[in-house]
Amino acid sequence: MASLTSAAVTIPSFTGLKAGRAPTTPSTSIKPPTPMSFSVKASFKEAIGTALVATAAGAVLASNALAVEVLLGGSDGSLAFVPSNIEVAAGETVVFKNNAGFPHNVLFDEDEVPKGVDAGAISMKEEDLLNAPGETFSVTLKEKGTYSIYCSPHQGAGMAGKITVN
(Lines of atoms letter the chains of each structure in order from A and count residues from 1; the text may use other names and numbers.)
(Lines give C-alpha, C1' and ligand atoms only; values in the text may rest on other atoms or scores of the structure.)
Protein backbone atom coordinates (compact mmCIF):
# COMPACT_ATOMS: atom_id res chain seq x y z
CA MET A 1 0.00 0.00 0.00
CA ALA A 2 1.30 3.39 -0.90
CA SER A 3 0.85 6.49 1.15
CA LEU A 4 0.28 9.91 -0.22
CA THR A 5 1.36 12.98 1.67
CA SER A 6 0.54 16.51 0.79
CA ALA A 7 2.17 19.69 1.98
CA ALA A 8 0.17 22.81 2.62
CA VAL A 9 1.36 25.68 0.51
CA THR A 10 0.35 29.26 1.20
CA ILE A 11 0.11 31.50 -1.78
CA PRO A 12 -0.08 35.17 -0.99
CA SER A 13 -2.91 36.99 -2.62
CA PHE A 14 -2.78 40.58 -3.78
CA THR A 15 -6.03 42.38 -4.09
CA GLY A 16 -6.35 44.80 -6.95
CA LEU A 17 -3.50 43.40 -9.01
CA LYS A 18 -4.52 41.65 -12.14
CA ALA A 19 -2.10 40.25 -14.60
CA GLY A 20 -2.12 41.91 -17.96
CA ARG A 21 -4.33 44.84 -16.95
CA ALA A 22 -3.53 48.46 -16.28
CA PRO A 23 -4.29 49.59 -12.75
CA THR A 24 -7.72 51.07 -12.36
CA THR A 25 -8.21 54.52 -10.93
CA PRO A 26 -10.20 54.67 -7.77
CA SER A 27 -13.58 56.27 -7.64
CA THR A 28 -13.43 60.07 -7.35
CA SER A 29 -16.43 60.50 -5.14
CA ILE A 30 -15.39 62.08 -1.85
CA LYS A 31 -17.36 61.51 1.27
CA PRO A 32 -17.67 64.47 3.60
CA PRO A 33 -15.70 63.93 6.78
CA THR A 34 -17.70 62.77 9.70
CA PRO A 35 -17.91 65.44 12.35
CA MET A 36 -15.54 64.81 15.21
CA SER A 37 -16.88 64.90 18.68
CA PHE A 38 -15.02 64.61 21.92
CA SER A 39 -15.65 65.14 25.56
CA VAL A 40 -13.28 66.19 28.28
CA LYS A 41 -13.01 63.71 31.06
CA ALA A 42 -13.60 64.98 34.57
CA SER A 43 -10.07 64.06 35.67
CA PHE A 44 -8.62 66.13 32.83
CA LYS A 45 -10.84 69.07 33.79
CA GLU A 46 -9.65 68.77 37.38
CA ALA A 47 -6.01 68.64 36.30
CA ILE A 48 -6.39 71.74 34.12
CA GLY A 49 -8.29 73.53 36.88
CA THR A 50 -5.62 72.68 39.41
CA ALA A 51 -2.88 73.86 37.05
CA LEU A 52 -4.68 77.15 36.44
CA VAL A 53 -5.22 77.73 40.16
CA ALA A 54 -1.57 76.93 40.89
CA THR A 55 -0.40 79.29 38.15
CA ALA A 56 -2.65 82.09 39.38
CA ALA A 57 -1.57 81.55 42.98
CA GLY A 58 2.07 81.59 41.93
CA ALA A 59 1.57 84.87 40.09
CA VAL A 60 -0.13 86.42 43.11
CA LEU A 61 2.61 85.23 45.44
CA ALA A 62 5.32 86.42 43.08
CA SER A 63 3.74 89.86 42.81
CA ASN A 64 3.47 90.08 46.61
CA ALA A 65 6.93 88.69 47.12
CA LEU A 66 8.56 92.07 47.46
CA ALA A 67 11.29 90.77 49.70
CA VAL A 68 14.97 91.43 50.01
CA GLU A 69 17.17 88.60 51.23
CA VAL A 70 20.06 89.36 53.56
CA LEU A 71 22.50 86.57 54.35
CA LEU A 72 23.70 86.14 57.92
CA GLY A 73 27.34 85.25 57.42
CA GLY A 74 29.33 85.44 54.22
CA SER A 75 30.04 82.46 51.98
CA ASP A 76 33.70 82.89 52.95
CA GLY A 77 32.86 82.36 56.64
CA SER A 78 32.91 86.06 57.51
CA LEU A 79 30.68 87.31 60.32
CA ALA A 80 28.69 89.90 58.41
CA PHE A 81 25.30 90.84 57.02
CA VAL A 82 25.52 90.34 53.24
CA PRO A 83 24.79 92.95 52.02
CA SER A 84 25.39 95.17 55.04
CA ASN A 85 23.66 98.26 53.61
CA ILE A 86 20.16 97.57 52.36
CA GLU A 87 17.61 99.85 50.69
CA VAL A 88 13.94 98.88 50.62
CA ALA A 89 10.61 100.53 49.92
CA ALA A 90 8.18 101.14 52.78
CA GLY A 91 6.15 97.97 53.31
CA GLU A 92 8.79 95.73 51.76
CA THR A 93 9.87 92.61 53.64
CA VAL A 94 13.46 91.88 54.57
CA VAL A 95 14.29 88.19 54.99
CA PHE A 96 17.40 87.41 57.02
CA LYS A 97 18.75 83.94 56.18
CA ASN A 98 21.42 82.05 58.10
CA ASN A 99 24.03 81.30 55.47
CA ALA A 100 26.82 79.63 57.39
CA GLY A 101 25.45 77.71 60.34
CA PHE A 102 26.89 79.95 63.04
CA PRO A 103 24.23 81.04 65.55
CA HIS A 104 22.94 84.47 64.55
CA ASN A 105 20.12 86.81 65.44
CA VAL A 106 18.87 90.16 64.17
CA LEU A 107 18.38 93.05 66.56
CA PHE A 108 17.42 96.62 65.74
CA ASP A 109 19.34 99.26 67.70
CA GLU A 110 16.71 101.11 69.75
CA ASP A 111 18.68 104.38 69.45
CA GLU A 112 18.98 104.13 65.67
CA VAL A 113 15.48 103.52 64.31
CA PRO A 114 12.97 106.12 63.06
CA LYS A 115 11.09 108.04 65.73
CA GLY A 116 8.04 106.15 66.97
CA VAL A 117 9.32 102.71 65.93
CA ASP A 118 9.61 100.12 68.72
CA ALA A 119 12.92 98.36 68.03
CA GLY A 120 11.97 95.51 70.36
CA ALA A 121 8.80 94.79 68.40
CA ILE A 122 10.66 94.31 65.11
CA SER A 123 13.76 92.54 66.51
CA MET A 124 14.26 88.89 67.30
CA LYS A 125 14.44 88.12 71.00
CA GLU A 126 18.08 88.33 72.00
CA GLU A 127 18.08 84.75 73.30
CA ASP A 128 16.52 83.40 70.07
CA LEU A 129 19.07 82.31 67.49
CA LEU A 130 19.02 81.08 63.92
CA ASN A 131 21.33 78.08 64.31
CA ALA A 132 21.11 76.07 61.10
CA PRO A 133 21.85 77.13 57.53
CA GLY A 134 18.63 78.16 55.80
CA GLU A 135 16.76 79.28 58.92
CA THR A 136 15.14 82.68 58.42
CA PHE A 137 13.72 85.68 60.22
CA SER A 138 11.52 88.17 58.35
CA VAL A 139 10.46 91.70 59.13
CA THR A 140 8.34 94.18 57.18
CA LEU A 141 9.38 97.78 57.66
CA LYS A 142 6.65 100.37 57.12
CA GLU A 143 8.18 103.57 58.51
CA LYS A 144 10.59 105.49 56.29
CA GLY A 145 14.03 106.18 57.69
CA THR A 146 17.28 104.48 58.63
CA TYR A 147 17.45 101.41 60.87
CA SER A 148 20.67 100.05 62.40
CA ILE A 149 20.86 96.29 62.87
CA TYR A 150 23.32 93.95 64.55
CA CYS A 151 23.82 90.32 65.52
CA SER A 152 24.27 90.22 69.31
CA PRO A 153 26.63 87.18 69.41
CA HIS A 154 28.90 88.76 66.77
CA GLN A 155 28.46 92.50 67.33
CA GLY A 156 31.99 92.67 68.77
CA ALA A 157 33.30 91.14 65.53
CA GLY A 158 31.60 93.92 63.56
CA MET A 159 28.45 92.11 62.43
CA ALA A 160 26.24 95.16 61.93
CA GLY A 161 24.40 96.86 59.11
CA LYS A 162 21.93 99.52 58.04
CA ILE A 163 18.55 99.37 56.37
CA THR A 164 17.22 102.46 54.64
CA VAL A 165 13.47 102.52 54.04
CA ASN A 166 12.40 104.91 51.26
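Cβ atoms here come from the backbone N, Cα and C positions, even for glycine.
Annotated Cu cation binding site per Swiss-Prot: H104, C151, H154, M159, in sequence order. Residues annotated as domain 'Plastocyanin-like' in Swiss-Prot: 68-166. Annotated transit peptide per Swiss-Prot: 1-67, in sequence order, evidence recorded as similarity to another entry.
Locations of recorded Swiss-Prot features on the structure.
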residue : record                 : DSSP class
H104    : Cu cation binding site : strand
C151    : Cu cation binding site : coil
M159    : Cu cation binding site : coil
Env. residues of Cu cation site, Cβ within 8 Å of mean position of H104, C151, H154, M159 Cβ: L72, G73, L79, A80, F81, F102, N105, Y150, S152, P153, Q155, A157
Neighbour count (Cβ, 10 Å) for H104 (Cu cation binding site): 26
Among C151, M159, the most crowded of the binding-site residues [Cβ within 10 Å]: C151
Listed in sequence order, residues with CB under 8 A of H154 (Cu cation binding site) and six or more positions away: L79, F102, H104
Across the domain 'Plastocyanin-like' (68-166), average pLDDT on the 0 to 100 scale: 96
The domain 'Plastocyanin-like' (68-166): DSSP-derived helix, strand, coil residue counts: 10 helix, 40 strand, 49 coil
